[in-house]
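Visitor: This is the structure I want to talk about, given as C-alpha cells.
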Amino acid sequence: CQLAHRSIVLAMASSLSVLLLLCLAASASAQLSPRFYGRSCPRALAIIRRGVTAAVRSERRMGASLLRLHFHDCFVQGCDASVLLSDTATFTGEQGAGPNAGSIRGMNVIDNIKAQVEAVCAQTVSCADILAVAARDSVVALGGPSWTVPLGRRDSTTASMSLANSDLPPPSFDIANLTANFAAKGLSVTDMVALSGAHTIGQAQCQNFRDRLYNETNIETAFATSLKANCPRPTGSGDSTLAPLDTTTPNAFDNVYYRNLMSQKGLLHSDQVLINDGRTAGLVRTYSSASTQLNRDFAAAMVKMGNISPLTGAQGQVRLSCSRVN
C-alpha cells in the first residue's frame with residue numbers, strides 16, 4: 001500500500017511539474033519583446049519612424065493624433081488595433097463611438113506606414129505594433145522622451161462600439177472616476193497623472209470643454225474669456241471648434257501642461273481636477289517643475305499601457321490592411 005501511495009504521489013508531482021512547465025511556456029510565449037521583428041522584419045522600426053516623422057513635419061498636430069489613436073486602441077479590448085477597423089455593411093466598429101466620432105485622426109498615416117512595411121515584409125508586422133511604435137515616435141518627434149517598445153502584438157478580428165463608449169474616459173470625469181477607469185486597465189494613479197501629460201500636445205473640441213467654461217469657477221478669467229469667443233454657450237454652436245489642450249506650447253511635448261493646471265488653465269474638467277485633489281496634486285506639482293521625472297514616468301506608463309491585453313502567439317491575425325480583417 002505504501003508503495004502504491006508513493007507511486008501515486010510521484011505521478012501527481014510529475015503531472016504538476018509538466019503543468020507548471022506548460023504554464024511557464026504559455027506565459028513566456030505571451031510576453032512581448034522589443035526584438036520580436038529582429039529577424040523577420042529588421043527594417044520595420046526605421047520605416048515606421050520615417051513615416052511618423054514625415055507626417056508630423058507636415059502637420060504638428062498629427063503627433064498628438066497618433067498618440068491618442070494608440071490610447072483609444074488600448075483602452076478598448078486591449079492593444080489590438082481594433083480602433084482601426086472601418087465600418088462595413090455587416091460590421092460596426094469603434095470609430096463612430098462617442099469618444100471617437102468626428103475627432104479620431106491618423107488612420108491614413110498608419111495605412112501608409114503599413115503599406116510601406118508590407119512591401120518589405122509581407123504579413124509580418126501587425127497594425128497594433130505599428131500603432132504602439134508610432135505613438136512613441138510621435139512623442140519623440142515633438143521633443144518628448146523615447147522608450148523601448150515591446151513588440152509581438154497581433155491584430156483583432158473584432159471591435160466594440162459599446163466598449164469604446166464605456167471604457168474611454170470622458171472629459172467630464174472627476175478623480176474618483178478617472179482612477180477607477182485607469183485601475184480597471186491595470187494602471188496606477190501615477191500612470192494616470194503621467195499619461196494625462198499627453199495633453200501637453202493636441203487640441204480638443206468646444207463641446208468637450210463648454211461646460212467647464214460656463215459652469216466652473218476654478219478657471220483663470222482671461223483664459224476662459226479668450227475661449228468663449230469661439231465656443232459660445234448654446235449647444236450646437238461651434239461644437240467642433242478647436243482649442244489647444246496646452247495653450248502655451250501646444251505643439252511641443254513638455255511639462256507646461258502641469259504648470260497650466262496650477263494656474264487654473266486646464267482646458268478640460270478632467271485636466272483641472274488633477275490639481276484640485278490631494279491624491280494627484282502632488283504629482284502635478286512634481287511634474288510641473290521636474291521634466292526629467294515626468295519623462296521617466298510617462299515612458300514607463302506608456303509601456304504599461306501598451307501591455308494591456310495584447311493578442312499574442314496564435315491569437316488574432318496580422319492584418320494585410322489595418323482597416324479590415326483578412
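Note that Cβ sites are derived from N, Cα and C of the backbone, with glycine treated the same way.
For reference, TrEMBL lists these features for the protein:
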- 1-30: signal peptide (SIGNAL)
- Cys41-Cys121: disulfide bond (DISULFID)
- His72: active site, proton acceptor (ACT_SITE)
- Asp73, Val76, Gly78, Asp80, Ser82, Glu94: Ca(2+) 1 binding site (BINDING)
- Cys74-Cys79: disulfide bond (DISULFID)
- Cys127-Cys322: disulfide bond (DISULFID)
- Pro169: substrate binding site (BINDING)
- His199: heme b binding site (BINDING)
- Cys206-Cys231: disulfide bond (DISULFID)
Visitor: I'd like to confirm something. Which of the recorded positions, His199, Cys231, Cys322, has a Cα closest to the Cα of Val76 (Ca(2+) 1 binding site)?
Guide: Cys322
Visitor: Starting from the Ca(2+) 1 site formed by Asp73, Val76, Gly78, Asp80, Ser82, Glu94, give every other residue of that chain whose CB sits within 8 Å of the mean position of their CB atoms, in sequence order.
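Guide: So the additional residues around the site are His72, Cys74, Phe75, Gln77, Cys79, Ala81, Val83, Ser156, Ala159, Ser160, Leu163, Ala164.
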Visitor: Filter the recorded positions Cys41, Cys121, His199, Cys206, Cys231, Cys322 down to those whose C-alpha lies within 10 angstroms of the C-alpha of Ser82 (Ca(2+) 1 binding site); answer none if the list is empty.
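Guide: Close recorded positions: Cys322.
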Visitor: Write out the long-range same-chain contacts of the residue listed as 'active site, proton acceptor', meaning residues 6 or more apart in sequence whose Cβ is under 8 Å from its Cβ.
Guide: Val83, Glu94, Pro99, Asn100, Ile104, Ala164, Leu168
Visitor: Taking Cα atoms as reference points, rank the binding-site residues Gly78, Asp80, His199 by distance from Cys322 (disulfide bond) and give the first.
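Guide: For Cys322 (disulfide bond), the spatially nearest of the binding-site residues is Asp80.
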Visitor: Other Cβ atoms within 10 Å is the metric here; tell me which of the recorded positions Cys41, Cys74, Glu94, Cys322 scores highest.
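Guide: By the 10 Å Cβ neighbour count, Cys74 comes out on top.
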Visitor: Whole-number Å only: compute the distance from the Cα of Cys74 (disulfide bond) to the Cα of Cys206 (disulfide bond).
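Guide: With distance taken Cα to Cα, Cys206 (disulfide bond) is 25 Å from Cys74 (disulfide bond).
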Visitor: Roughly how many Å lie between the Cα atoms of Cys206 (disulfide bond) and the residue listed as 'heme b binding site', rounded to a whole value?
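Guide: Counting only the Cα atoms, the answer is 15 Å.
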Visitor: Where Cys41 (disulfide bond) and Cys127 (disulfide bond) are concerned, what is their Cα separation in Å, rounded?
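Guide: It is 14 Å, counting Cα to Cα.
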Visitor: What whole-number Å value do you get for the CA-CA distance of Cys79 (disulfide bond) and Asp73 (Ca(2+) 1 binding site)?
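Guide: On Cα coordinates alone, these residues lie 6 Å apart.
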